[in-house]
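Reviewing the structure listed below.
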Amino acid sequence: MAIIEQPLRDTRTSTGAGHPEGADPSIVAWVERLALHATPDEVVWCDGSTPERARLIRQMVDAGTLEALDPELRPGSYLARSDPDDVARVESRTFICSAREEDAGPTNNWVPPSAMRETLHGLFRGAMRGRTMYVMPFAMGPVGGPLTRYGVQVTDSPYVVLSMGTMTRMGAEALAQIGPGTEWVKCAHTVGAPLAPGQADVPWPCNKTKYISHFPETREVWSYGSAYGGNAILAKKAFALRIASAIGQDEGWLAAHMLLLKVTNPRGRVFHVAAAFPSACGKTNFAMLQPTIPGWTVETLGDDIAWLAPGPDGRLRAINPEAGFFGVAPGTGRGTNPVAMDTLTHDVVFTNVARTDDGDVWWEGMTDEAPAHLTDWLGQDWTPASSTPAAHPNSRFTVAAAQCPTISDDWDDPAGVVVDAVIFGGRRATNVPLVAQARDWEHGVFMGATLASERTAAAEGTVGELRRDPLAMLPFCGVHMADHWKHWLEVGAKADAAGGAPAIFQVNWFRKGADGRFLWPGFGENIHALAWMLDRIEGRAEGTASPFGLIPAEGEIDHAAAGVDDATWAELFGLDKAALAAEADDAQAFLDSYGDKVPEPIREGLARMRADIDEL
Ligand SMILES: Nc1nc2c(ncn2[C@@H]2O[C@H](COP(=O)(O)OP(=O)(O)OP(=O)(O)O)[C@@H](O)[C@H]2O)c(=O)[nH]1
Ligand SMILES: O=C([O-])CC(=O)C(=O)O
Ligand SMILES: [Mn+2]
C-alpha cells in the first residue's frame, strides 16, 4: 500500500528542528532507517526536560490515556487504565534470538535471528502510521559512571515515554555520553496500532499480536504490540536484565533481578545487601523495610535490578541502574509499606488501580476497609459487594526513586556500593525455612539456581503454581541459564580470591500453616531475619546446620518480639523428611533438564542436601 511507504513528513526535536546537535551519527542513522520503515507522522527527540514531561501529560489527558487525580489529594499524579488484555508481561511472547539456540537455552523461547528479523520487519512496516515516534536516549546508572550503560529507545507510546523518563536517566545528558565507539543498546518499540487518516485513536492502543524479542549478540530489543511495563519500558527487564546478562557474561559482571539496600546496625556498622526475589515476591517491600527492632535503620538504593561488578579492589560492587520504581500497588498500605505510601504522595503515574469518587486512588490492601464506591480498573462501578478486585492484581505505580523518603545517600554513587550479602527468596507455602545461610558462594549459587516460587500476577499464567525460578531470573535471562550459573560461580570465585565474595542467604516470608495463613508477619518484622544474617557476617551468631545450610540457633532470633509464638516459630523451620525428599527429586529433575551443562558445584549442592535429608 502506497500510504505505508510514504516518506517521513517531518523530522524535528521537541523544540523545533532536526535531530539534536551532537547526536551520534550511529543513532541518527538508526532512527532514520526505523522512521522510514515504521512511517510515523513525525519524529520527536526527547530531551527529558520538565516542560517535555508536562506536554506529554497534557496530551495524554486530552487523549484519555491519563486521568488527572485530585491535585489536592495527589498532586501531579495520574491514573492510566490499560487495555484489559495488556496488563502484565507476556512470557510466552518473549523471545531470545541468539545466533545459536544453545545460547538461549531451554528456559527461553528461541527463534533464529533471521526469522525473527523477517517477522519484525513485516510487523514494524508502517506500524507507527498516524503516530509520533519518540526517540529517547537513556543511561542505565548514573550518567558518566564506570558501570553505566547507554541505550536509545524509540516508541510510539507517550505513556512509555513518561515511564522511561521516570525509570531511567533519559534525555540530553545521556545522549551527550554516546559518542563514537560507545556501545548503546537499540530498543525499538511500537504498540502496533497504526492509524488510518481520520481514524480515531483509543486511550490505550496495543495489538493482540505481541513480540518481545531480544538479540543478545547485537544488543537489540524489538518490542511489538504491548504498552505494559516490562513489555514496553525496554530499559528495564529487556535491557537491564536480558541484554545485560549477555553483556555481563562477556565482560565479567552480573545483571541481577535484585533490590539493593543499606542497613546500619545498632553498633553503627553499615552493610549493603542485594536480594533477588521473583516478580511480586517482595523486593520493593524489602528495599523499603522499616525495622521493628530499635537501633536498626534500612535505607533504599534500588527495588528491582542491580548490576554487580568487581571493583578496582576485586570486591563485588553494585549499582541500581534504574532511576525509578515500577512497583506493585496491591498489598501496599500504611501497615505493610509506609515508606512506599510516603513515596506515592505526589507525581506518580498509577496504572490499573481503582479510582475513588473524590479523585484519588485505591487498591486492595491500601486500607483495611474498601471505600463504599469506586471506579474499578476497568472503569466500571465497584462496591465492596463486587466479586472482582477493584484494582488489577498487577496494578502498578511509577515513581522517581529520588522521591522515596528512605532513599540512601549512596543510591546514585557512580562507583556503586560494596555488596556484603546476597539473598535469594521465593514465595513458598511449604518446606523452605524463614532464613538460612549458604555454606559458601558455591552452595549459595546452588540455592539460587534451584530457587522455586509460586507464580504471581506479574506475568500471564496460573497464579499460585510452583515453578523453579533460578536466581529469580527465569523470565529475564538472556543467555543459557546453566551458562549463567557457571558465570555466577566464576564471578564469585574471583571475588573470593580478591578478599571476600558476599555471604549468600535464602529467605522465605511466605510459608503457610495448615489454615492457609502466612506463619510469618513479614514486612517490618523481616528485620529479624536480616539482623541474623548480618550478625552471622559479624560473627555474632553461630547458626545450626540444616539441609538448607545454617539456620538460626535457639535464641539467636527473638521471635516473640516479632509476635511469633514458639509453635509457629518451629513450623517456620519445620523439616518434613518425605516432603523434602520430594523437593530434592524435583530439583534433580529440574537440573537434569539442563543435561551436562549443570556446573559440578551445583550438582554437589544437591547431593549434599539429599545426604542431609536422608539423615533426618
Ligand atoms: N506476607 C507478606 N507479603 C509480602 C511481604 N513483602 C511483600 N509482600 C507482598 O507481596 C506483593 C509483592 O511485593 P513487592 O515488594 O511489590 O514485590 P516485588 O518483588 O517488588 O515485585 P516486582 O516489582 O513485580 O518485581 C505485595 O502484595 C506485597 O504486599 C512479606 O514480607 N510478607
Ligand atoms: O516488568 C514488569 O512488567 C513488572 C516487573 O517489575 C516484573 O514483572 O518483575
Ligand atoms: Mn517491585
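Placed from the backbone N, Cα and C atoms, the Cβ positions cover glycine too.
Among Arg89, Arg536, Arg540, the residue that TrEMBL places alongside Tyr228, Gly229, Gly230, Ser279, Asn394, Ser395, Arg396 at the substrate binding site is Arg89. Among the binding-site residues Asp304, Glu525, the residue whose Cβ has the fewest other Cβ atoms within 10 Å is Glu525. When the C-alpha distances from Phe523 (GTP binding site) to the recorded positions Lys237, His257, Cys281, Asp304 are tabulated, the minimum falls on Cys281.
Using Cα positions, the member of the recorded positions Lys237, His257, Cys281, Asp304 nearest to Glu525 (GTP binding site) is identified as Cys281. For Lys237 (Mn(2+) binding site), the number of other Cβ atoms no farther than 10 Å from its own Cβ, over all displayed protein chains, is 26. The residues near the Mn(2+) site, meaning same-chain residues not in Lys237, His257, Asp304 whose C-beta sits within 8 angstroms of the mean position of the site's C-beta atoms, are Gly230, Lys236, Ala240, Leu241, Ser279, Ile305, Phe476, in sequence order. Counting in whole angstrom, Cys281 (active site) lies 14 from Arg396 (GTP binding site) by their C-alpha atoms. Largest Cα-to-Cα span within the GTP-binding set Ala280, Cys281, Gly282, Lys283, Thr284, Asn285, Arg396, Arg427, Phe523, Gly524, Glu525, Asn526: 24 Å.
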